[in-house]
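Data first, discussion second: the structure below is written as structure tokens.
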Amino acid sequence: MKLKVTGAGINQVVTLKQDATLNDLIEHINVDVKTMRFGYPPQRINLQGEDASLGQTQLDELGINSGEKITIESSDSNESFSLPPPQPKPKRVLKSTEMSIGGSGENVLSVHPVLDDNSCLFHAIAYGIFKQDSVRDLREMVSKEVLNNPVKFNDAILDKPNKDYAQWILKMESWGGAIEIGIISDALAVAIYVVDIDAVKIEKFNEDKFDNYILILFNGIHYDSLTMNEFKTVFNKNQPESDDVLTAALQLASNLKQTGYSFNTHKAQIKCNTCQMTFVGEREVARHAESTGHVDFGQNR
């Protein structure tokens, strides 16, 4: 897991094992931590007081998941030093690709754009889970799963022979969709919630299997990642913030639809801005992109 730690002279991203404990985190940052704050609503751990016995507790049991921002105070802090009264922060002006979470303005859900190169689904998932590009690894994961389960992923489901599909999805120009989302979600044990801009709804893959989830945004032909405060991408459906995050995601989708950010591939004609050909349906658009390498599309209105 990756955590952003600030305070006590520290401002860094920390990488730990998924089963890391509170002590593992403290040893990694090498600071005599007095207190730490995290989460939404904010939670506080007093390591030199009532919470001193929590050292061997796993971070996820404390509600600290990958992508969390943690603010620490060290024992070396001079508590007697008088700080000037805090000045009110100017109200942040949100961009069209941002939405306040819970209405407080403290947390913001925003679009993290990924490359528009026919691998956008894989880019979006890779950023949401790993914070880095793992497109080739994800494609290989899908290919192996398809080959290993020819009954589940039969020719009728795949719309082509099983072995052909397993080879086809390895090509960087091949578009991914629901099949790939489901396979990757199962393999990485994290639910994937797809925010559909045109339908203004969230399609949840494996929400009954996994508590942790990532959010990816779909405008009809392109996927992007969604992040909280430009860093957190993995959420937990049992955490208090989850409902507010999902509400903000739908509000953001509605706003983006009104600004023409989405494409209705079921009804509207989609135009290739490279060659000016027009298509109806995501499959037609995908086939054209895969055969030509064209990735710049617009909607005829």
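Cβ from N, Cα, C; glycine included.
The region 'UBX-like' annotation in Swiss-Prot covers 4-80. When averaged over the region 'UBX-like' (4-80), pLDDT in the model lands at 80.
Residues annotated as domain 'OTU' in Swiss-Prot, with sequence analysis given as evidence: 109-229.
The annotation region 'Cys-loop' is assigned in Swiss-Prot to 114-120. Taking Cβ pairs closer than 8 Å, the region 'Cys-loop' (114-120) reaches residues 127, 135, 139, 172-176, 222-225, 289-290, 293, 295-296 in its own chain, all 6 or more past its ends.
Per Swiss-Prot, active site is recorded for Asp117 (among others). Within 10 Å of the C-beta of Asp117 (active site) there are 14 other C-beta atoms, taking all protein chains into account.
Every protein chain considered, the tally of other Cβ atoms within 10 Å of the Cβ of Cys120 (active site, nucleophile) stands at 23. According to Swiss-Prot, the feature active site, nucleophile maps to Cys120, an assignment based on a curator's inference.
The annotation ubiquitin cross-link is assigned in Swiss-Prot to Lys160 on the grounds of a large-scale study or a structure entry. Counting every protein chain shown, the Cβ of Lys160 (ubiquitin cross-link) has 13 other Cβ atoms within 10 Å.
Remote same-chain residues near the region 'Variable-loop' (169-179) are listed as 117-119, 121-122, 135, 139-140, 142-143, 146, 153, 157-158, 205, 282, 286, 289-290, 293 (criterion: CB distance under 8 Å, separation of at least six residues from the stretch ends). Residues or ranges marked as region 'Variable-loop' in Swiss-Prot (evidence: similarity to another entry): 169-179.
The region 'His-loop' annotation in Swiss-Prot covers 218-222.
For the recorded site, Ile221 (substrate binding site), the DSSP three-state label reads coil. Marked as substrate binding site by Swiss-Prot on the basis of similarity to another entry: Ile221.
For His222 (active site), applying a Cβ distance below 8 Å and a minimum sequence separation of six or more within one chain yields Asp116, Cys120. Here Swiss-Prot flags His222 (among others) as active site.
Note on the region 'S2 site' (243-248): DSSP counts are 6 helix, 0 strand, 0 coil. Taken from Swiss-Prot, the feature region 'S2 site' covers 243-248.
The zinc finger annotation in Swiss-Prot covers 270-294. Nonlocal intrachain contacts for the zinc finger (270-294), taken as residues 6+ away from its ends with a CB within less than 8 angstroms of a stretch CB, comprise 118, 171, 173-175, 177, 220-221, 263, 300.
For His294 (active site), the same-chain residues that are 6 or more apart in sequence and have a Cβ closer than 8 Å to its Cβ are Cys272, Thr274, Cys275, His288. What Swiss-Prot records for His294 (among others) is active site.
Counting residues per DSSP class in helix, strand and coil order gives 1 helix, 0 strand, 6 coil for the region 'Cys-loop' (114-120). For Ile221 (substrate binding site), the Cβ neighbour count at a 10 Å cut-off comes to 21, with all displayed protein chains included. Residue counts for the domain 'OTU' (109-229) under DSSP (helix as H, G, I; strand as E, B; rest coil) come to 47 helix, 28 strand, 46 coil. On the backbone, the CA of Lys160 (ubiquitin cross-link) and the CA of Asp117 (active site) stand 23 Å apart. Ile221 (substrate binding site) sits 11 Å from Asp117 (active site), taking the C-alpha atoms as the reference points.
Taken residue by residue, the zinc finger (270-294) breaks down under DSSP into 11 helix, 5 strand, 9 coil.
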